[in-house]
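Engineer: This structure is in structure tokens; I'll ask about it shortly.
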Amino acid sequence: MNDAKGSAASHRGLTVGIIACAVVAVIGVALWMVQLSGGMIQTGMRNLDSWGFYITLFMFFVGLSAGGLIISSIPNAFGMKGFGDISRVAIWTSICCTCVAIGFVVVDLGGPLRLWELFVYSNLSSPLMWDIIVLSTYLILSIVYLWAYRREDAGKMSHTAIRVISIIALVVAVGVHTVTAWIFSLSAAHEFWHTALMGPWFVASALDCGTALVLIVVIALQKAGRLTIERSSMVNLAKMLAVFTCVDLYFFACDLLTSGFPGGEGANVVAMLVTGPLAPFFWTQIACMVLACVILFVPRLRTKGGVVLASALVIAGVFCKRCEILVGGFQIPNIEFADVANHMTITNWESGMSLFGYQGLVYWPTPLEFGVALGVVALGGFLLLLGLKYLPLHLTEKTA
Amino acid sequence: MRYGMVIDLKRCSGCKTCSVVCKVANNIPNDIIWNRVLTEGGNAPDTAGGTWDNPEMQHWPVACQHCENPACTKVCPVGATWKDEQTGIVRQDYDKCIGCRMCLAACPYTGVRSFNWEEPAYYADFALGDADAAKHEKHTVEKCIFCTQRVARGEQPACVADCIGRARHFGDLDDPNSEVSKLLASREYTQLHAEFGTKPSVYYLV
């Protein structure tokens, strides 16, 4: 695996990847300019469904990022035997995901040139403001964390210092995802969002999809001969992933029962998910997560390929959940009186009647949104690969 | 002082004059409606629900509820939407709004806030309505402002002044002798989604 030939090939592969990501990211920026100059009318978002694909992916990437950092910090923070040398890779993955998440907030803004106002006119009662504060703290802290490892390698920092940083990072990582949940759950206006469980539930999702991402990256790096990880470490991570996924499903079950049982407005939320317009997302999520748990819990299926498949299934499941949360919040209007609809009102406005817009999925992204989103993700991929290539992430040295 | 509006549902005929004069007075861009007249009844506007021998229909003029405890002002990260403590009016500063749409997500009154999804366009080549109406901006949020510019001059909001059925009343809810306070004291009323605890300043006489 680790011969000169294989490494050279992976080296060349990285370079190709970096260039490809850079090209897609540039196209994404160009599309974003199209969105800004021609107006956000080119997206699928409208007054009655005012957030869309960008905010879905924002949640999703905050989750990936927080989860990755938590996984790499737990062994450090509690002085346990770690998962080999994966901490640095996990931190770098987190940093890239945080950048992608911030990117998604920026492309969702109507006036990105007014971003400076956030720091001048900060309204500290806004959960979005809290999120911006924790997210920037988190980004800076992750960079410090990585830098601390570098100092430790140079023998200039004690392991205790790393441990302290890892504990702070752990707390902030949990915080960052809880605050992201609060953006949704503190608004009483949407029955589906307004639940105290939203915070813990987001943390659970962060843990499972973050672990899944770390597993995929670690196994890919091992395959490329850039990282060695013990089989037992991988099995431990895989088991943790299964447990986190179960916790995620358990929270969902608790929330559905609590919403649906009294039979009021909450029953509509359950119906919307289980049999209504969001059922495809809901059942895909459940199927992905259950299948992943089966693969991860049965020792015979826990091969490298199996673990990668299970990780991908968990990530897909969590992505579906993000879509459910975002679209589900807008799917049930509070005022169900008939009104005229026009191209500003609701995504499916063509009938001219607002209530008809709720018949299927209330929101679906336009090709432009997919393009911009792909660009933002590519920016993250660009950073990730660049880091893998040039940063001291404790990867096996390339030979020649 | 807390300005509020009292709308007599029994006098509302669903003519939508208030929607039109609101658009004119504030020079609101095409396809944006601050003050909508909704229909409770059928699935389409101005259609009845119920059964053929017992049809039911009620028009509901709905705009910003100018809540005493607004959900929107709390979540705006830059304070572009804010409650004017002098008048109780929930204001909106277009030149400050960053277009994050937190307020649209937080407001429980579905659809009262509008986002300029494109460069504001107008059917007329010239600005309509009040000379001192705020200029609309692309990618910012806007909504009913109780015609702040008119109220500051001691006038009534356009929808109140021009309601052909005299269904709308505007005044100081803190003053027990105001027309609105007297109406609320003498008639049965309801509020939209009082259960959210937003304490709206718009009352509906039923």
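Glycine too: its Cβ is placed from the backbone N, Cα and C atoms.
According to TrEMBL, the protein has these features:
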type	residues	note
TRANSMEM	A:12-33	transmembrane segment
TRANSMEM	A:53-77	transmembrane segment
TRANSMEM	A:89-107	transmembrane segment
TRANSMEM	A:127-149	transmembrane segment
TRANSMEM	A:161-189	transmembrane segment
TRANSMEM	A:201-221	transmembrane segment
TRANSMEM	A:241-261	transmembrane segment
TRANSMEM	A:281-299	transmembrane segment
TRANSMEM	A:306-327	transmembrane segment
TRANSMEM	A:370-391	transmembrane segment
Engineer: Taking A:12-33, A:161-189, A:201-221, A:241-261, A:370-391 as candidates, which has the most Cβ pairs under 8 Å with the transmembrane segment (A:89-107)?
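Structural biologist: Most Cβ pairs under 8 Å with the transmembrane segment (A:89-107) come from A:370-391.
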Engineer: With pairs closer than 6 in sequence left out, are the transmembrane segment (A:161-189) and the transmembrane segment (A:53-77) joined by 3 or more CB pairs under 8 Å?
Structural biologist: yes
Engineer: Sort out for me which stretch, of A:12-33, A:127-149, A:201-221, has the most Cβ pairs below 8 angstroms to the transmembrane segment (A:161-189).
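Structural biologist: Result: A:127-149.
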Engineer: When you scan the chain for residues with a C-beta under 8 Å from the transmembrane segment (A:127-149), skipping those not six or more beyond its ends, what do you find?
Structural biologist: 62, 65-66, 69, 87-88, 91-92, 94-95, 98-99, 101-102, 105, 118, 157, 161-162, 165-166, 168-169, 172-173, 175-176, 179-180, 182-183, 186, 391, 394
Engineer: When you check the transmembrane segment (A:12-33) against the transmembrane segment (A:370-391), do you get at least 3 Cβ pairs under 8 Å, counting only pairs 6 or more apart in sequence?
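Structural biologist: By the criterion, they touch.
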